[in-house]
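Feature annotation from TrEMBL assigns domain 'AB hydrolase-1' to B:33-337. Annotation comment: TrEMBL describes B:Ser135 as active site, nucleophile. The substrate binding site annotation in TrEMBL covers B:Arg204, B:Asp335. Residues or ranges marked as active site in TrEMBL: B:Asp304, B:His334.
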There are 2 protein chains.
Amino acid sequence: MPVGALQLEAGGYLPEVVLGYETWGTLNADASNAVLIEHALTGSTHVARGASDEDGWWDDLVGPGATIDTERYFVVAANMVGGCYGSTGPASPAPDGSPWGSRFPFVTIRDSVRAEARLADALGIRRWHAVLGGSMGGARALEWAATFPERTARCAVMACGAASTAEQIAFAQAQVAAIRLDPHFAGGDYYGGPAPEAGLGIARRIAHINYRSEPELEYRFGRSAQAEEQPFGGITPSARGRYAVESYLDYQAEKLVSRFDANSYILLTEALVSHDISRGRGSLEQSLGGLEETEFFIAAVDSDRLYFPEQSRQLAEALPGSVKVHTIETPLGHDGFLTDVHQLHDDLTQAFFPHA
Amino acid sequence: MPVGALQLEAGGYLPEVVLGYETWGTLNADASNAVLIEHALTGSTHVARGASDEDGWWDDLVGPGATIDTERYFVVAANMVGGCYGSTGPASPAPDGSPWGSRFPFVTIRDSVRAEARLADALGIRRWHAVLGGSMGGARALEWAATFPERTARCAVMACGAASTAEQIAFAQAQVAAIRLDPHFAGGDYYGGPAPEAGLGIARRIAHINYRSEPELEYRFGRSAQAEEQPFGGITPSARGRYAVESYLDYQAEKLVSRFDANSYILLTEALVSHDISRGRGSLEQSLGGLEETEFFIAAVDSDRLYFPEQSRQLAEALPGSVKVHTIETPLGHDGFLTDVHQLHDDLTQAFFPHA
């Protein structure tokens, strides 16, 4: 969906922005049943099965008869500006016909939310019944409530705080540096040539370790060797076989590299680094304390060591009224917002999606 | 000190090994006052001031009148085989006169300990009063006790478990991959040309974040901008200024790059990945349960999120008798074994270094 030109917070300008999106269900007559689901860093718009039979990343939450029942709600998922799932991004042609590449401007979560508001306009949705997301999707949902409180009746923020932390910035820096170090990166103008797959793969490894937990990795892999490989054989270290955990991370890296553009990874990582709900709005309390029009649902994963539950608690405390932090209990870590979101079914149903 | 040829565990061979070392104090007549201090991954032999006035990395523990009183004990610190502080390593000339570079063989903690035993022979030390180390130094100390129990009267292992864990292997893999991705790495044969500083810098960033803790980074840096820089200014992400935490990690990376060889970093990282006190010795209990000749002192840092205190507890449980885990209390994380080792003064004095 074309949503026009976008003047960006950090000073850049995109003359023509298209937002890729998917929908499920039917918008009702007074457009009061619309739900926006915001994807995480490398997520797509494919939240759930629907037009495509392909598994969605939140099938447990969205579908016919699910927590967000697509027979009752009209569900929309839009790709972030700068992404690579249908929205204008670095691989899209710039006005001169060549890919934007290194010229693609710095986009923030807030910029994307402003573009998403135009998509809502075009779809005839004045006010969302609810906006939900986890991780970077949670940052987007929160930014919706802060930027357009009158358009956000309900807002669910899972596994994400009010701003990206020093540690999140630090791990992001190492990831972006690894992509830029890849000789194939070519300063960001690699389209038409080989992609910086090795660099993107390293970024994914760093990220993925932090998306899981130490006990899970130890339980699943320990010091096991990968199949027939000999991690301890090899006259030089570069000649040795792999441990199972290394093979697992190679697989995670390969999977991402085959589906994601490295420039989009940098763009969205930088957008997430910029996440700060208070930017230009005063203190955290000043930024959030007045959002009386929106009902909030905050959730954290107990074993999350990237978006610590404490950050969700701080967010909840800054919101108006008394907002509870719901907990997903899993040893998995941050990814629990994907793998174990079903644990929120009862609470989320009661809070946001009561049965008719 | 030349210690001869070394046939290595993983199959490699080093025809002539030199061990760099430093000493403090004087060996007594019956050679009963010798203490070996084992450095961590990027540590040097410069444990404490002495011949050189330069600060040592364990000045709080070693020196005249300190916990390990160099007026009473003869303290030795040897550089790991494969390192870059005086021992034979990848930058050393191979028999053909060119640097070993990519040909330098896979060395384990156990290999280095065997070389260090020859150094002890040459110095006239049959049995160490104590062997101590933290992090990789702890792995080396533990390997001394397991390989040469009759030569290790006392053994202190700080912030290190019985084997490297899946997560430690995983973070190591990303670090080694970043170094190898650097175009200057040239497969490991970069001597005479530019060094792979960017890759080594990324490795250090990943490691350093894990050496500290999320609360410490948040407390020290939060989302502050670096001095006059504008992290939110810049039309493209690559043009923006830095956050203070990014500048801090740039500084940590630059400091390491100026003093450490990338091939040695890979070699010692791989040695640490190979750390498994049980390799070839049966179960953990079979490997450690019989070490009755050695007195152990185990310590963990309460906020360590790379070498979790739980790993120290598992190690202590596998040792003979009832071994307590001493705790360094600091919000700093793993680096607490360096910054706050003074907390162990009383316990370590009582256990290993009672006053005459």
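Going from the start of the chain as shown, residues are counted 1 onward.
Cβ from N, Cα, C; glycine included.
This view paints the features noted in TrEMBL onto the structure.
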residue  : record                   : Cβ neighbours (10 Å)
B:Ser135 : active site, nucleophile : 27
B:Arg204 : substrate binding site   : 26
B:Asp304 : active site              : 27
B:His334 : active site              : 26
B:Asp335 : substrate binding site   : 23
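Within 10 Å of the Cα of B:Ser135 (active site, nucleophile), the following recorded positions from the list B:Arg204, B:Asp304, B:His334 place their own Cα: B:His334. Averaged across the domain 'AB hydrolase-1' (B:33-337), pLDDT in this predicted model comes to 97. When the alpha carbons of B:Asp304 (active site) and B:His334 (active site) are compared, the span between them is 4 angstrom.
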